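Copied from TrEMBL, the annotated features are:
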MOD_RES   35  N6-(pyridoxal phosphate)lysine
ACT_SITE  35  active site, proton acceptor
BINDING   130, 301  substrate binding site
DOMAIN    232-356  domain 'Alanine racemase C-terminal'
ACT_SITE  253  active site, proton acceptor
Ligand SMILES: *Cc1c(COP(=O)(O)O)cnc(C)c1O
């Protein structure tokens, strides 16, 4: 028998969350962002739930080709663009749309032999300072792109650094408007946070990622409580042993948890080699047989311990939810000092996944 851990991908939740994104940004078209193997959900499984998207956005050329070969004939956007001239052959063959963020990429397109129009997302750096042309240089880049015969549509794009936080997006929006002034063409600016919380900055094509998977751009579950999103992944396992600790006894490596009174503990088949965060301390939320409780001590490679005090007379074999419908992935992430994005992306290949 395999280890009892598994991840369930909820196809209907993906569909629901995409509909929520659309409802938040009426009149726009939606890229479903499925980079990083659909944020750990599996590209094929995510595709099954997100077919109503107008297009799929990702980073990896291999994933783009896989999506094309799985039957998606609509738009596919490479968010970071391409890295060498040979990539353009595949982009051309599969009719992909590509981000263009630097002069090197424009040069490669100029010298490539393409037999159909290449649609590009011309990226402006409005303050994130990772990729893109500065606003003052944007018009020149756009004119250069427009002068390349093989380039078809040019969409104007930028990416927000603070759509989920205090700093907000005003300065970046201003920079974008300035750099794009007088340039015709569709705009794409909104990640999940802007889709949910900045209705004035939706542009023509939204690019929601994490919200499709039912987690919060801020990493705090309470922030999406009003957005009616559903978790797209449930990570479950089982108790493979129970222990009774006497007062003074400890559990796990480093003896980080020590009982101050007798306590029943359960041992769960899930550890950091499954992608559960090793940084999750004692007290991280978890559910056993549907009852919320807490982890105890340090997460091991293949196991972790839970407090069975609130769970009644549960035995070996009891079901455990690491995250999903009973325990928000953001709550686990917050306890571990990270965000839901990182946890969902980190689920390891050894964890079997299935769709429901
Ligand atoms: C990842 C990414 C997104 C989606 O971000 P979320 O915060 O997951 O919504 C959108 N646009 C670009 C360019 C990205 O890299």
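Note that Cβ sites are derived from N, Cα and C of the backbone, with glycine treated the same way.
Shown on the structure are the features that TrEMBL records.
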residue	record	Cβ contacts under 8 Å, 6 or more apart
35	N6-(pyridoxal phosphate)lysine	57, 58, 59, 60, 63, 79, 209
130	substrate binding site	159
253	active site, proton acceptor	297, 298, 300
301	substrate binding site	271, 272, 273
For this session: Tell me the residue counts in helix, strand and coil for the domain 'Alanine racemase C-terminal' (232-356), as DSSP assigns them.
Result: 22 helix, 45 strand, 58 coil
Exercise. If you run the three-state DSSP split on residue 35 (N6-(pyridoxal phosphate)lysine), which class comes out?
Worked result: helix
Problem set entry | Helix, strand or coil at residue 130 (substrate binding site) [DSSP, three-state] | coil
